[in-house]
Structure formats: structure tokens, C-alpha cells
Amino acid sequence: MAPHRSDLWEREDTPPETTPAAPPVPPAPAADAVVLPAIKDAVASGVITGLLLLPLVGFRATESGSGPLTLTYRFGLVAVFALLVAGLRLVLNLTLWRPGRKIRDNRSAGLAALSAKVAPAARPAFFALALLYPLLAVTLSGGLSPSRYWVDLGIYILTYVMLGWGLNIVVGLAGLLDLGYVAFYAVGAYTFALLSTSVPLNAFFDAHVAEGFWASWSFFVCLPMAGILAALWGVILGFPVLRLRGDYLAIVTLAFGEIIRLVLINWVSLTNGGAGISSVPAITFFGVPFNGNDDGFAARFGLDYDSMHRMIFLYFIILGLAALTALVTIRLRKMPVGRAWEALREDEIACRSLGINTTLTKLTAFATGAMFGGFAGAFFAVRVRFVSPESFTFMESAVILAIVVLGGMGSQMGVAAAAILLIGGMEMLRNLSFLKASFLFGPDFDPSLYRMLIFGFAMVAVMVWRPRGLVANRMPTIFLKQRKAVSGALVKEGHG
Amino acid sequence: MSATAPATPLLAVRGVKTYYGNIIALKGVDVDIHEGEIVTLIGANGAGKSTLMMTICGAPQARDGTVRFAGRDITRLPTHEIMRLRIAQSPEGRRIFPRMSVYENLQMGAALEGGSHFAADLERMFEMFPRLKERIHQRGGTLSGGEQQMLAIARALMSRPRLLLLDEPSLGLAPLVVRQIFDAIRLLNETEGLTVFLVEQNAYHALKLAHRGYVMVNGVITMSGTGADLLARPEVRSAYLDGGH
């Protein structure tokens, strides 16, 4: 190398980092000057709220059968609302809206530093918790049967974690907006349901292998097939549409999701239409059925029969599938194809100018994401033992996409956290029975009806405060000497 | 420095016509680039300079005429296959990957090369652009304009190209940074014999740097000659250099 090269590229002198001088802070007003107006304001807004709500909420005309309208009074509820508003305003006036309050810029930086510290421990901690979850559920709820609800909830959440991770490959890594992901979920579910209930297949294996072989082994045989078929459908969809970008791709995938559902409804001879396919065989412990018979799981392992054994086994199956999704994604991200996905999301033209076959890259992303959707679908079918088109509506796609977006696109831990918050949170809303107290909403009130409303509020809140998703940091997949997180706050929304 | 022209040019553009829909952008363009040369293409906005560069890369493909690289007809090849013949491009507007780190950007550049020379090439790039080494873990999108341009060039060079296509590397950069970038191009050409095709608005610097130059007006090559020759011509001076230097 030419010796003069180094001086060609002399560094421009960068001035030493100086912390900007703190702007002059107006002297904080005396406590009285803050607290007194705050209380006044709170009382005033409480009174106004009470007056406003008195006619709106305080009186309620109810029809009692065929009789006349009767007026019920709900002054307690009005008082609760008024107090809520007054209290909230008081708190806000004293904290966020306090006059002369210093605005700290380093709050998000502190948060980023904290999350960077927590991040390395988060993954093993999360996995360990997921492994121990059934044990915790059984111990804390005091027995196998009482823990049914909690284990079921865990299975439910993990299904969405897995779906989120699968869609994350397509949306988060490759940047292809897919609004019809549920189609691949449906393909997986129907693949397993149709194959396992197929009469000729059952008869064939009864005749050639062993009686009842297909019913007990079909899940393990069909699981890879469900993934492969879903991936195949991903390729079939991908070929014509992947020249589209952004909004256009989203619309076509949306349509694809609906088409699959309509086909499932209308192809009655194959799918039994809207009635769905029932009596899908239950999962077995690798051929050993979960029942009370002498050759059942409990008898073989010297346990007392309990239907929860099957649930706990299902839990570990979905945990394994989700872990597989995560591992494959992590591995792929380190491989050229994974990096090509990320580059594709960043800039398609630049990718092509570096010699990357963008069509092939998109197809692999689509097919890989679809495959995990198919796995999850097969699992869904074996868990519920019943599939019908009703389970695969656009709402499902929307929820999965919301999980990916809220979690911070591309971030595995973020997606997992978002799935737990959204699915677990929506489930928790069923348990808000204190709202049924007579002075609040009355016994007829069903909090779960408000799930979607609260869901919407939560999405708005996340997008306002963490516009780049819950986990906005992105660890470089490859690095020179040390891994350094790069905060999403440094780039514009939707790119961090 | 002017290279002795071998019999067949490395890149030969012959009678290329490119359309955007019904609108003709290139009306039959001939350009030759020989091994070891720096060739520049100058012209006003909308003359078709970038279109010619993109046509060489196959997006859009020429509707008429041929593009031959190292004797092979590449007119109808898809872009990624053209790039695999070891033509590297630093596209207009840099187009680095904003969310990926500098290191990852460079690794993407070496995607074709297979990684066997990666460490050595990386060192080479850092020697040429020490700034990038300081910024190695930063996201591409957080770099300054000049650093992004350096990254775009370095990323293109990571594939060990036979021909480097540079589309307006001076766009939006301070004069000092432009000089740095042009110095780097000259150095690469002198020390490693890199062949460069440079599309530029900055006619003065480009013509001073290049061995030969072409002037494009409304999709047609109107003048060609050595860089110094074109610089001296009054019509070039009045059209592209007036009031400048």
C-alpha cells in the first residue's frame, strides 16, 4: 500500500464531546403555588365531570318485562368517575404537568441502558420461566386439576408467541407486510385434521402397520407435512405477488387469507364446510395415549390418571415448537440468507445491485414464515381437536401482526413480550369481576366485552410512547469484537 | 496514466435505447470502457446519465442495442446475475442499509465474493476510509452523508469488482469530502488498476479525474474525448462549468 495513503485521509478534527450547558431553569415555584392551584383544578374538574355525567350516567331507564319503564339511579358510579377524574388531574398537575418541571432528555437513554443490561439475561430467564411454568401453575394453584386454566392459558399464549415469531420472519426481518398470515395457520390445521381423520389412511395403516397406528402417530407424521404444505402455499402465493411492494403486497396477502377461508367454507365435500372437522385424534405421548386404560400414559409411568397430563404434554410440545422457531430464526439471521432478508427490508434496489436475487430471497422468507404458521396450525388442530373456518378469520391475522408490530419488528424478545401482554392481558380482562360490584357497573357488566376497546387503547399507548415497539433495540447479528446494541431511537419510526 | 486500449473494451455499450413506458430516455448510446480506465459521463439533470448506468445493470433493460461486458452479452440478464459478473455499483443516493451496522453493510457487499477474502478486504477498506473503522458498530443510517458515501463505495468494493459503477458520488457533499472521495477513486485506479465508470454532475472534478469523458444531452452522447480535452472545450465550459471554478 502506498505510504502516502494515510495522510490522504486525515481525520477531520472532531471537537471533544462537550455537554451542552444546562439551560437556565426557572426557579421552581414554591410548594403552595403548585399544590393549591392543583387541588383547586382537581376539585373543579371533578365537579364538572360529576355534573356532566349526572344525566348521562346517573339515571338509567330500564324496561322491566312488558311493564313500564323504571328509573334506576347510579349516583355511585357518577361519584366514582368524578373522583377518578379529580384524582388523575391532581396527580398529573403535581407530576407531569407541574409548572417549571425540568424536562429530562436522558430518560429514554437511561431506559436503553437498562434494557441493554437486562437483555443478555432476558432470553435464558424467559426460557427457564417457560420451562418451569407448568410446575409453577400446578404448585401455586394447588393441584393438577385446578391448574387447568393456567396451563391452558400458557398453551394459548405460546401458540401466539410462535405465530408471532413465524410472522416476524416475514414482516420483521424481510419487511414484507403480510396481512393473510392466518391462511398458513389454516393450511397447517386442515392438513393435520384432514390427514388424521382420513378413512383410507386409517384403514391402510390398520391393515399394514398396526391397529390404531394412524390415530396415535398421525400428529408426529403430519406435523412436518403441515409445515411443508404451508411453505408450499407460501411459495404459490409468493410467486405472483412478490413483485408487489408495501401496500399492494398487503392487500393481496389480505385477499389470500380470505380466499383460503372461503375455500374452506365452500369446498364442503373435502372440508365439511362451516361445520368443520371434529373428532380429530388427540395427541399421544409418542404413541402412548393419554387415557385411564392399562396401556395409557398414566399406567405406564405409574401415575394416577389425570386429564391434565395431556395438557401439560401439549404445553411442552408448543414450547418445543416455539423454541424451534426462535432457534431457526436466530441461526438464519446469522447466515447469508437471513442477512439478505434484513438487507431486503432496508433497500431492495441496493440488494439487487449487490447481486442478491431478490425474488428468491423474498420467497424463502415467505416460505419459512409460512412453514412455522403451518406447524402452529397443526398444533392448534391437535389441541382443540376440532377445526372450522371460524378459527381463521382476518382478526387472527390482525392480532398476530399487532403482536409483531407492538413487540418491535425483528425483535424476538419483544414479540414474545407483546404476545404475553396482548393475549394474556385480554384473557385477564375476563377476571375483572370486581367491576361487577353493584355500585360500579352492576352484575350484568361483562368486562371481556371491552377487550377490544382496551386492546385498541393499549396499541395507541404503545405507539405513542414506544413508537418503535416494546423492544426497539436491535443487536447486530454480526459484530467485530463486541456486540453493541443500537438504539431504535436514532432512526425514524418504522425503521428501528 | 491513460491506459493503452486493448482490442475489446471491458464494457461496450452499443446503440442502446431505453424507454420508460413510451418515453424514450436513451436514444441510441455508444460508450466504451477499457480495462484500467476511469471514464466519466457528465450531463445536465434529466439527460439520461443515471438511466444509462441503470441500463448497464439491467433495470430497466435496454429495448434496443447491446451491452457487452468482457465479451459477453449482458443486455437481457437479470440485475443480480449481471452483478455476479463482478460489476459493482454504488447507486445514486447511496442506498446503504440504514438499520444495519457499518460492518453488516460491508458484509452484505461481500455476499457474492463468498467471504474468503473478507478480513483482508475489510482491512483494505478501513485503511482507505479510516472513518468507517471508527463507525464500525454504528447503524448506517446514523452516518453523515460523506461517511455514507464512503460506505457505499466501500460496500461496492468488497465484492472485488472488475468494473465499479459510481452514480453521483459527490451528491450533496461538502467540497472537502468530495475531494476525499475522488482522491480515493484515483488511488484505487492507480494502485489496483480498478476500472471505474463515473456518472457526475460535478463536471469539473469528474473530468479532471477521468482519463476519458462523455457528455450526454437528452439521451444522446454529444461529445467524447480525454478528460483534459473536454475540459478545454468551450462548449463544455459554457454548458457545465460556467461560473463554477
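Even glycines carry a Cβ here, placed using N, Cα and C.
Looking at the stretches A:274-292, A:293-311, the one that TrEMBL records under the feature transmembrane segment is A:274-292.
Outside the transmembrane segment (A:312-332) by six or more residues, the chain places 127, 130-131, 133-134, 151, 154-155, 158-159, 161-162, 165-166, 168-169, 173, 283, 285, 290, 297, 338, 341, 368, 372, 375-376, 379, 382-383, 412 with a CB less than 8 A from a CB of the stretch. Of the candidate ranges A:73-97, A:153-177, A:274-292, A:363-386, A:398-423, A:73-97 has the most C-beta pairs within less than 8 angstroms of the transmembrane segment (A:42-61).
Between the transmembrane segment (A:363-386) and the stretches A:217-241, A:248-268, A:274-292, the greatest number of Cβ pairs separated by less than 8 Å involves A:217-241. Against the transmembrane segment (A:184-205), stretch A:274-292 shows more Cβ pairs under 8 Å than any other of A:73-97, A:153-177, A:274-292.
Packing against the transmembrane segment (A:153-177) from elsewhere in the chain are residues 130, 133-134, 137, 184-185, 242, 246-247, 249-250, 253, 311, 314-315, 318-319, 321-322, 325-326, 329, 332-333, 338, 341-342, 344-346, 361-362, 365-366, 368-373, 375-376, 379-380, 383, 399-401, 403-405, 407, 409-412, 415-416, 418-420, 422-424, 427: each is 6 or more residues past its ends and has a CB under 8 Å from a CB in it. Counting only same-chain residues 6+ beyond the ends of the transmembrane segment (A:274-292), those with a CB under 8 A from a CB of the stretch are 190, 192-194, 196-197, 215-220, 265, 298-300, 305, 307, 309-310, 313-314, 317, 381-390. Here the transmembrane segment (A:217-241) has Cβ contacts under 8 Å with residues 180, 183-185, 187-189, 191-192, 195-196, 201, 249, 252-253, 256, 281, 283-284, 286-287, 362-363, 366-375, 377-379, 382 of the same chain, all six or more residues outside its ends.
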